[in-house]
Amino acid sequence: MLQQADGVSPDRSSCDTPAPRTFEVRTYGCQMNVHDSERLSGLLEQAGYQRAGAGVDADIVVFNTCAVRENADNKLYGNLSHLAPRKQADPQMQIAVGGCLAQKDRDAVLRKAPWVDVVFGTHNIGSLPTLLDRARHNRVAQVEIAESLREFPSALPASRESAYAAWVSISVGCNNTCTFCIVPSLRGKEVDRRPGDVLAEVQALVDQGVLEITLLGQNVNAYGVSFADPTEARDRGAFAKLLRACGRIDGLERVRFTSPHPAEFTDDVIEAMAQTSNVCPTLHMPLQSGSDRILRAMRRSYRADRYLGIIDRVRTAIPHAAITTDLIVGFPGETEEDFQATLDVVEAARFSSAFTFQYSKRPGTPAAELEGQIPKAVVSERYQRLIELQERISWEENRAQIGREVELLVATGEGRKDAATARMSGRARDGRLVHFAPGALGADIRPGDIVVTTVTGAAPHHLIADAGPAEHRRTRAGDAHAEGRTPKTGVGLGMPGIGAPEPAPVTQGCAL
């Protein structure tokens, strides 16, 4: 950027140009929302807004909300209340609420927080800049909630958070009917992107230096049953084929995916995981409960034996795979015997870690109407027992890693104590978090680089590697991070809206 020399009058036209309005996106909930927030940021930047710096009050605050848990409502409306005095003092400030809670509450958002300017649903991400302009011009709050998907969010511009790792959405929505989950009613039925579109986005990211991608969907192993493009044939084996295709992309070093459903987890996916070198040896597969009776009540169309059988086959094919899960404690009607069944499955499964939740009653879900709602004190006591069991298992599994050589993708923001301990942090191929001593190479190692080191210690939630790096490889991702560059995608990838793609243009002679 050119700097103004001392004593030289600035160009008057530049002084007359108003400073760009700034924005901040606050994200709650799952990885889908994190990825959607990258799209929201990309849209706002494309529209001329600038991301607000740390500690700076933004002109526009966007909430990308979650509706899965009860405290999501409390968190949103509490934060909106905190912004009310700012809005009153500065009417030009704008507040937008999107995501699953906006889709669910709709006009209720304005009744509860009338100072909000824009409410937009899960299918209206692309409308945000227009809605902000309209609200500012008309001085009237704008509400836009579409009932079905009109275009894939992945066709929108994205402002990625990381130079070295990226989300890639392969589907939107869900066809399952879990009784505790409100997501299908808010995000709609599953719609799958064409494999070529997914791979084009992956290639675009790799071309910009990204080393790791995570394929994202509510139920990734149902991929292929409901393509948006009606000319794309239904293919139950599409997800395994997609994994193998990712393995053929030069420069893509790590592939992860989340989340599969146990009822649709097939052996072709296990084979693809084992035979595709850049697919990471890790699996996150929600269990929810170890009780067959509770699984039936949840409408989870598998049973504990099937779940454990999948894990056994994964570990046979990939011996060092780290397996993680989601668990719900206190589902309506859960008895002590049901809860003990969950503890038994957790003990047998030997998860490396687990996301554990106390059941939260959500209006609009079948489970909210079930008899046998469990007292909070009972749920809390069971939750604590489950946490203690999983902490013990996680620590035992992590201690088993001591002495093992690990390859780390160096990360930023993963180690809260890195500055105090003179360590850096990275993720092993199996997803474990490792805090490592950089040794004499410290000044040369950047986030996005690859380091090989040996595990010397363990805690329940991380590993320690204080032996110093045995290898360090500088990468294009590390270069990009050092230069402050993050990849941009979503424009020019040939990604269609919903429906068949436009016909290809007629070419003369040879065309590549």
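The backbone N, Cα and C atoms fix where each Cβ goes, and this holds for glycine too.
According to Swiss-Prot, the features are:
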type	residues	note
REGION	1-20	region 'Disordered'
DOMAIN	21-137	domain 'MTTase N-terminal'
BINDING	C30, C66, C100	[4Fe-4S] cluster 1 binding site
DOMAIN	160-397	domain 'Radical SAM core'
BINDING	C174, C178, C181	[4Fe-4S] cluster 2 binding site
DOMAIN	399-469	domain 'TRAM'
COMPBIAS	470-486	compositional bias 'Basic and acidic residues'
REGION	470-512	region 'Disordered'
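Within 10 Å of the C-beta of C30 ([4Fe-4S] cluster 1 binding site) we count 17 further C-beta atoms, all protein chains included.
The average pLDDT the prediction assigns to the domain 'MTTase N-terminal' (21-137) is 90.
Counting residues of the domain 'TRAM' (399-469) by DSSP class, helix then strand then coil, yields 8 helix, 28 strand, 35 coil. The most crowded of the binding-site residues listed here (C100, C178, C181) is C100, judged by how many other CB atoms sit within 10 Å of its own CB. Summarised by DSSP class, the composition of the compositional bias 'Basic and acidic residues' (470-486) is 7 helix, 3 strand, 7 coil. For the pair C100 ([4Fe-4S] cluster 1 binding site) and C174 ([4Fe-4S] cluster 2 binding site), the C-alpha distance works out to 14 angstrom.
C30 ([4Fe-4S] cluster 1 binding site) and C181 ([4Fe-4S] cluster 2 binding site) have their C-alpha atoms 13 Å apart, to the nearest angstrom. Across the fold, the C-alpha of C66 ([4Fe-4S] cluster 1 binding site) and the C-alpha of C178 ([4Fe-4S] cluster 2 binding site) stand 17 Å from each other. Non-local contacts of C174 ([4Fe-4S] cluster 2 binding site) by the CB criterion (under 8 A, 6+ apart in sequence, same chain) comprise C181, V183, P184, R187, K189, E190, Q218, N219.
Residue counts for the domain 'MTTase N-terminal' (21-137) under DSSP, helix first, then strand, then coil, are 60 helix, 23 strand, 34 coil. Within 8 Å of the centroid defined by the CB atoms of C174, C178, C181, the record's [4Fe-4S] cluster 2 site, lie the Cβ atoms of N176, T177, F180, I182, V183, P184, Q218, excluding the listed residues themselves. Note: the [4Fe-4S] cluster 1 site is recorded as C30, C66, C100; in the same chain, Y28, G29, M32, N33, T65, A67, V68, A72, G99, L101, V183 also have Cβ atoms within 8 Å of that site's Cβ centroid.
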